[in-house]
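Novice: Here it is: the structure, laid out below.
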Amino acid sequence: MTPNILPIESYDHQLAEKSARLKAMMLPFQAPEPEIFRSPADHYRMRAEFRVWHDEDDLYHIMFDQQTKQRIRVEQFPVASRLINRLMDALMTAIRAEPLLRRKLFQIDYLSTLSGKLIASLLYHRQLDEEWQQKALELRDQLRAQGFDLQLIGRAAKTKIMLDHDYIDEVLPVAGREMIYRQVENSFTQPNAAVNIHMLEWALDVTQGATGDLLELYCGNGNFSLALARNFERVLATEIAKPSVAAAQYNIAANNIDNVQIIRMSAEEFTQAMQGVREFNRLKGIDLGSYNCETIFVDPPRSGLDHETVKLVQAYPRILYISCNPETLCANLEQLQHTHKISRLALFDQFPYTHHMECGVLLEKRH
């Protein structure tokens, strides 16, 4: 696989290899057969970032070969959405012709949505002034005239210039409903929108008929908690990053959801609050004791759940665990298998043609 060419003909083979690998990893835990969710074979990634190479009068996107560290010129990037590919060409053509915009530009980050919106962030090794801002406004207007629904952002050391705002709104069809998700520049969003829809619909399916409330740790912009709200009486969710919490609050209102409460705290802090170890001002007005959470949802970082959080989740009858690293999932399952058994298993091909696997397990308390 190179940045310019995807081995589309090997898609099925690489997916079968991942499925076999996941089955082997789950063998010690008596997991059921995995449900397999495919990705589109190309143009599946909604985010991309490129370094910018200056070569006399020329200017172009580059990536580095992971093995050889060689520089590769990237004109088109079939991994990324078609919208990003169209903008890459138009943006670079426009910047090439404008010395003020190209000077010390070293990176461009792209974020796109299925709803047709884009953010392009231009990163510089120099201070950005009013003159830059004027040229950036002209660039934005030029690209909008070409049909791009675009937000343009300039970044330099300790500087961020937004010409309008730093977010775009995604609209995802999830099990018969359109869900609105505000996505903030430089904050985490699921990179593969088609697979994200599969994950949300699978999570809805496995929690069908659930009783009580849902607790979610690491909720981000509310991706899962808002979609799952329809299956539960109430949802209590935690998130540490301020921009994500703000986006989640917006998403709750935009989707007319009235049974989700977001708290800004880490999973570790929440564990302390639940165990009564510490009191937090942020929890004033929230009666944790009134929640009857029978299901807990976790989508942790690659490092998995820490020992204390594993102990916390073991107290719940149902654990829904989405993992972007099956190795740390297996390490957590070593502990969880003593109290819970796996009743559903899924493989989501979020990152085709790479060794990375995203998977989901539903664990239910042993009787």
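Start at 1 and count along the chain as shown; that gives each residue its number.
Here the Cβ of each residue, glycine as well, is placed from N, Cα and C on the backbone.
OK, Swiss-Prot features for this one:
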type     : residues                               : note
BINDING  : GLN190, TYR218, ASN223, GLU239, ASP299 : S-adenosyl-L-methionine binding site
ACT_SITE : CYS324                                 : active site, nucleophile
ACT_SITE : GLU358                                 : active site, proton acceptor
Novice: Given the binding-site residues GLN190, ASN223, which one has the fewest other C-beta atoms within 10 angstroms of its C-beta?
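Specialist: Each of the binding-site residues GLN190, ASN223 was scored; lowest Cβ tally within 10 Å is GLN190.
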Novice: Determine which residues of this chain, when GLN190, TYR218, ASN223, GLU239, ASP299 are set aside, have a Cβ within 8 Å of the centroid of the S-adenosyl-L-methionine site's Cβ atoms, and list them as they appear in the sequence.
Specialist: PHE188, GLU216, CYS219, GLY220, ASN221, GLY222, PHE224
Novice: Going by Cα-Cα distance, pick out whichever of the recorded positions ASN223, GLU239, CYS324 is nearest to GLU358 (active site, proton acceptor).
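Specialist: Minimum Cα distance from GLU358 (active site, proton acceptor) across ASN223, GLU239, CYS324 lands on CYS324.
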Novice: According to DSSP, folded down to helix, strand and coil, what is the residue listed as 'active site, proton acceptor'?
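Specialist: The residue in question, the residue listed as 'active site, proton acceptor', is strand (DSSP, three-state).
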Novice: Please report how many Å separate the Cα atom of GLN190 (S-adenosyl-L-methionine binding site) from that of the residue listed as 'active site, nucleophile', as a whole number.
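Specialist: The Cα atom of GLN190 (S-adenosyl-L-methionine binding site) is 11 Å away from the Cα atom of the residue listed as 'active site, nucleophile'.
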Novice: What three-state secondary structure does DSSP assign to GLU239 (S-adenosyl-L-methionine binding site)?
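Specialist: DSSP assigns GLU239 (S-adenosyl-L-methionine binding site) to strand.
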Novice: Which of the binding-site residues TYR218, ASN223, GLU239, ASP299 has its Cα closest in space to the Cα of CYS324 (active site, nucleophile)?
Specialist: ASP299
Novice: What's the longest C-alpha separation between any two of GLN190, TYR218, ASN223, GLU239, ASP299, the listed S-adenosyl-L-methionine-binding residues, in angstrom?
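Specialist: Of all Cα pairs among the recorded S-adenosyl-L-methionine binders, the widest measures 16 Å.
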Novice: Enter the number of other CB atoms within 10 angstroms of the CB of TYR218 (S-adenosyl-L-methionine binding site).
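Specialist: Summing over all protein chains shown, TYR218 (S-adenosyl-L-methionine binding site) has 22 other Cβ atoms within 10 Å.
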Novice: Fewest other Cβ atoms within 10 Å: which of the recorded positions GLU239, ASP299, GLU358 wins that one? Let me know.
Specialist: ASP299
